[in-house]
Amino acid sequence: MPSKMSWFNKEMIMQIVRSTGWISIVYFLGLLFILPIQLMMMYSEDRLPDYYKGESYTLFQVNFELQLGLLVIVPVILAVFLFRFLHVKQASDLMHSLPLKREKIFHHYAITGIMFLTVPVAVITLMILILRNLLDLGSLYSLEDIFYWAGTTIVITLLLYTASVMIAMMTGISAVHAVLAYIFLFFPVGFVLLLFYNLKILLYGFPSEFFLQQQLERMSPITYATSLNGRIFQWSDAIIYFILAVAFYLLALLFYKKRNVEQASEAIAFPKLRLIFKYGVTFCTMLVGGTYFSGVSNNNISWIIFGYVIGAVFGYFIAEMVLQKTWRIFARLKGLAVFAAVVAILVIGIKALGIYENRVPDLADIQGVQLTNEPYWIWNNAEPDEEYYRMKPLKEEANITAVRRMHQQILADRKLKHKKNEQTINYFVRYELKNGSSMTREYQVNERLYDDFFKSIYESKEYKQATKPIFKIKDSEIKSLNIRANGPMNKTVTLSNPEETKEVLEALRKDVLAESYEDSLYFRDRGSIVEIYLGDNHSIHSIEIKPTYQNISNWLKEKGLTDRVKVTGEDLSHVLVVKGDVSNSNDLEISQEELESKKDSLDIKEKRQMEQLLDATSAYDRGEYKVIFYYKFGDYVEIMSFDEEHAPDFVKRHFR
Amino acid sequence: MIEMKQVSKRFDRFQALENVNLSIQKGSIYGLIGSNGAGKTTLIKLLAGIYRQDNGDVMIDGTPVYENIGLKQKIFYIPDHPYVFSHYTTKQMARFYKNCYSNWSEERFEMLVELFEVNLQKKIQTFSKGWQRQIAFILALSANPEILILDEPMDGLDPVVRKKIKNLLINDVAEREMTIFISSHNLREIEDICDHIGIIHKGALIMQKELDELKADIHKVQVAYRNDVPKQLLKKLNPLHTEKRGSVSLFIVRGNEDSLAKQIRETNPVIFDLLPLTLEEIFIYEMGDIGYAIKNVVV
C-alpha cells in the first residue's frame with residue numbers, strides 16, 4: 001500500500017496538534033482580545049482616533065505592549081514546545097525508531113508550527129476586515145494598513161520562530177533552548193554594543209559614538225519590534241528578515257540531520273559548539289564586567305581590569321556549569337587559564353604595537369577630512385535636513401595639514417588627565433583616503449587646548465562652506481525669511497520678496513566668512529535670529545546675527561528695519577552691570593537677587609550705553625562682568641555676561 | 001539477516017561499544033545478556049536505527065539501517081520503558097502506528113486486543129506498568145514486523161503475562177519467521193525462548209553461541225580413583241576447571257559425551273559420573289576470568 005505512505009502523515013499532524021495546538025489557540029485568543037474586541041470596545045466608547053493618521057502602523061498602536069508581548073514570546077515558546085520531542089530521551093527514541101525520514105519529521109513539525117503562527121493572524125485579519133466594514137472604520141484603517149499589520153506580524157514571528165527552531169537543534173534541554181533562543185535573537189545588538197563600548201576602553205580614539213549612530217536596533221528582530229508602533233517596517237528590511245527566516249529553516253533542517261539522537265538532555269548538542277559556547281560566554285561576560293566597572297568606577301583603569309577578570313571568571317564557570325550540568329566544576333581551570341593567556345597576549349600585543357591608536361594617515365594618502373563634534377552629520381542618516389548639515393570633507397591641503405597636526409597633538413596629549421569639572425567634548429575625525437577606505441577616530445578632549453589648531457581650520461573659507469547650512473541653501477529654495485529680535489517683545493519682520501531674501505543671504509554669507517574663530521565662540525544666543533523657511537516640507541534653518549556681522553547690520557539699517565528686528569535701548573528700562581566673582585547659579589531669581597545686592601554695581605539708563613552692552617554680551621558665561629537687562633516689556637529680566645576685552649570703556653572706567 | 005561489523009559508538013568521553021561483530025539469522029531469537037551499563041541499549045538503538053555508529057556497519061539484509069525507511073518499516077522497537085504520546089489512548093496510538101507501518105494489520109490488532117482484554121478508550125499512561133508493556137507488545141505485533149527489537153521486555157510483568165507474551169512471540173517466529181532481538185540483564189529470564197545468546201561486557205561482545213551447541217559441548221565429570229587421578233587422563237581432558245572434594249575430583253570438560261565417557265572408563269575409576277551443566281555454570285566456566293566478573297548476569 002505505498003499510496004498510504006504518502007509524504008503527508010495525517011496522524012503525525014494530529015499528534016502535533018494534540019500536543020502543541022493549544023499555543024496557537026492561546027495566540028489566537030490573545031490577538032482576539034487585543035485587536036478586534038479592543039476595536040469594538042473603542043468604537044462603542046467612542047475612543048477611536050477621530051481622523052485618519054495616514055500611518056500604516058496605526059493598528060500596531062492598539063494595545064501595542066500586549067501585541068509586542070505576544071509577538072516576542074509566542075514564536076519562541078512555540079518552537080520550544082514543538083521540538084521538545086528532541087529533548088526528551090524517550091520521545092526522541094520513539095520518533096526516531098519510526099520508519100520516517102528526518103526531513104519528513106522536521107517538515108511536519110516545522111510547517112505545522114508555521115501554521116500555528118499564521119492561521120490566527122489570518123483569522124484576526126479577516127475579523128478586522130469584517131469589523132472595518134460593519135463599523136465603518138474605513139476612514140481610520142485603510143485596507144493596506146490592515147494587510148501591513150498582518151504581513152509585518154507574520155514576517156517577524158516567522159523570523160523569531162525559525163531562529164528558535166534552529167536553536168532547538170543545537171541543544172538538548174528545553175529550558176536551555178528558550179534561554180539560548182533569546183540570547184541568539186538579542187545577540188547581534190547586544191554584542192555589537194558591548195564590543196564598541198569595550199573597544200573604546202581598549203583603543204584610544206575608537207569612535208564608538210560614531211558607530212552607534214547606525215541603526216543598531218535593526219540588527220535584532222526583537223529590538224526592531226519594539227518600535228513597530230512608531231515606525232514603518234521597510235520592504236528592504238522585510239525582505240532581509242524573510243530571507244533570514246528561510247535560511248534559519250534550512251539550517252535547522254541541516255543541523256537536525258547531523259544531530260545525534262543521544263544528545264537529548266545535553267545542554268549543547270554538538271561537541272564542537274560546546275567550545276564556542278564556553279569561550280563565547282566567557283568573552284561576553286568579560287566585556288559585561290568591564291563595561292559595568294567602567295561605568296560605576298568613573299573609568300578607573302584598575303577597577304575596569306578587575307571587572308574584566310571577574311566577568312571572565314563568572315562567565316567561564318557559568319558556561320561550565322551549564323555544560324556539565326553540575327555546579328561543582330571549580331577544579332576545571334585549565335580552559336580559563338588558556339583563555340586568560342590568549343586575551344592577555346592579544347591585548348598586550350595590540351597596545352604595544354599601537355597600530356590602531358597611533359595611526360595618522362600620511363598627507364599624500366588623504367583625499368578629504370571631516371572634523372566635527374556631531375557624528376550624526378558625518379554618518380549617513382536619512383534625516384530630512386541632512387543635506388544641509390552634513391559636513392563636506394575638507395580637501396584643501398592647508399586644512400588637511402591642520403587637522404593632521406591637531407590629531408597628532410591629541411595623540412601626544414593622551415596622557416593628560418582631565419580635571420574634574422573640566423569641560424570636554426567628543427571630537428570626531430574622519431579621513432577619506434585615496435585608496436577608497438576611510439578612517440574614523442573619536443577623542444574626548446578639552447576643546448580649549450586645541451583652539452590654536454582649530455582657529456586656522458575654522459577661519460578657512462572651505463571649512464565654513466563645508467559646514468554651515470547657509471552656504472548649502474540655494475536662493476531659489478527659500479520661501480520666506482523671518483528676522484526676529486531675541487527678546488520678550490514680539491519684534492519680527494517677514495521677508496518673502498526673492499530679491500530681498502537673496503540680499504539677506506548674501507550679506508549673511510559674507511559675515512559668516514569674515515567671522516573670526518574667537519568671535520564665533522564668544523557671541524552666543526544674544527543676537528537676533530534669521531529663520532529661513534524652505535519650500536520643501538517646510539524645513540527651517542536659523543542663524544544668529546552676531547554683533548560682528550557688519551554686512552547684514554548695514555543692510556537692515558539701509559532698509560530701516562534695525563529697530564523692528566533687534567533689541568534696542570528703547571526696549572530696556574535700565575541695565576545693571578556687576579563685576580567680580582558671582583556664583584554661577586542657574587536659578588535666575590537667586591542670581592538676580594545676589595547681583596542686585598552687590599554694592600559696587602553700575603546702573604545704566606542711557607540708551608547708547610545700553611546698546612553698547614547688548615552688543616558686548618553673550619548668553620554663556622564669558623567672564624568677570626555680569627549684566628542684568630531689565631526690559632520694559634513685562635517684568636522680563638535677562639542675565640548675561642561679558643569679559644574685560646569686550647567691556648565698553650565706560651564700564652572699565654567705572655570699575656577701575 | 002542482521003549483521004554488525006566492527007561497530008563502535010562513543011558518547012563524548014565514554015566508549016559505549018567497541019568493535020562489535022554480530023550476526024543473526026532470520027527467524028532466530030537472539031538474546032543479548034549484559035549487566036547495566038554494558039552497552040546493551042546502545043547496541044539495540046543502533047540496530048533500531050536510532051543511533052548512528054561512529055565506525056563499522058550496521059546492516060540488515062545487506063543494507064545499512066540508519067535513516068533507511070524501507071528497512072525500518074520492517075523493524076519494530078520496544079524500549080525498556082515503553083513510551084507513548086501523552087494523553088493518547090490505545091486506539092489513537094494504534095492509528096498513529098497504522099499510519100507509519102505499511103504492514104499494519106487491523107485484524108491482528110483487534111484479535112490481540114480481545115486476547116488481552118484491553119480497554120481501547122483508556123489513556124495508555126493511566127494503565128499500570130505491566131499493562132503498558134502488554135499494550136506495547138500488542139501494538140508491536142500488529143505492525144507485523146520482520147524484526148522485533150526488545151529492550152528488557154520482561155521487566156515488570158507477572159509470570160502469567162510473561163508466559164502469554166512468550167507464546168505470542170514464539171508463535172510469530174514459527175509462523176512468519178520473525179527475527180527477535182531481545183536484551184536482558186538476566187539470562188534466566190530469556191533462556192527458555194532464545195536459541196542464540198550473546199554476552200556483552202564493558203562495550204565488547206565477549207561471546208555468542210547457539211544454545212543447543214553450548215549445552216551439548218560441555219560437561220561436568222565427577223571421578224574417584226583408588227590412587228591419584230592418572231596424569232595422562234588430565235592431559236587428554238584438559239579441563240576448564242578442576243576441584244577436589246575429599247577423594248572425589250570434579251572436572252569441567254569440553255567434548256563429545258560418548259568419547260569422553262569412553263576415555264574415562266578406560267582409566268578404571270572407582271566412581272564416575274557425567275553430568276550436564278546449568279546454563280549459568282556453562283557461561284562461568286566458558287569464559288574463565290571474565291566469567292566471574294559477569295556472574296551476576298547469568299545467575
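Heads up, the Cβ atoms here are built off N, Cα and C, so glycines get one too.
Annotations in TrEMBL come from automatic prediction, not curation.
What TrEMBL says about this one:
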{"type": "TRANSMEM", "residues": "A:21-44", "note": "transmembrane segment"}
{"type": "TRANSMEM", "residues": "A:64-86", "note": "transmembrane segment"}
{"type": "TRANSMEM", "residues": "A:106-131", "note": "transmembrane segment"}
{"type": "TRANSMEM", "residues": "A:146-167", "note": "transmembrane segment"}
{"type": "TRANSMEM", "residues": "A:179-199", "note": "transmembrane segment"}
{"type": "TRANSMEM", "residues": "A:238-256", "note": "transmembrane segment"}
{"type": "TRANSMEM", "residues": "A:276-295", "note": "transmembrane segment"}
{"type": "TRANSMEM", "residues": "A:301-323", "note": "transmembrane segment"}
{"type": "TRANSMEM", "residues": "A:335-356", "note": "transmembrane segment"}
{"type": "DOMAIN", "residues": "A:431-518", "note": "domain 'DUF6449'"}
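Across the domain 'DUF6449' (A:431-518), the DSSP tally of helix, strand and coil residues reads 44 helix, 22 strand, 22 coil. Each of A:21-44, A:146-167, A:238-256, A:276-295 was scored by its Cβ pairs under 8 Å to the transmembrane segment (A:64-86), and the highest score goes to A:146-167. Across A:21-44, A:146-167, A:276-295, A:301-323, A:335-356, the stretch most heavily in contact with the transmembrane segment (A:238-256), judged by Cβ pairs under 8 Å, is A:146-167. Sequence-distant contacts of the transmembrane segment (A:276-295) (same chain, at least 6 residues past either end, Cβ-Cβ under 8 Å): 190-191, 194-195, 197-198, 201, 267-268, 303-312, 314-316, 318-320, 322-323, 335-336, 339, 343.
Taken together, the residues in the domain 'DUF6449' (A:431-518) have a mean pLDDT of 87 on the 0 to 100 scale. Across A:21-44, A:106-131, A:179-199, A:301-323, A:335-356, stretch A:106-131 shows the highest tally of CB pairs under 8 A with the transmembrane segment (A:146-167). By the Cβ criterion (distance under 8 Å, sequence gap of 6 or more), the transmembrane segment (A:301-323) is not counted as touching the transmembrane segment (A:179-199), fewer than 3 such pairs being found.
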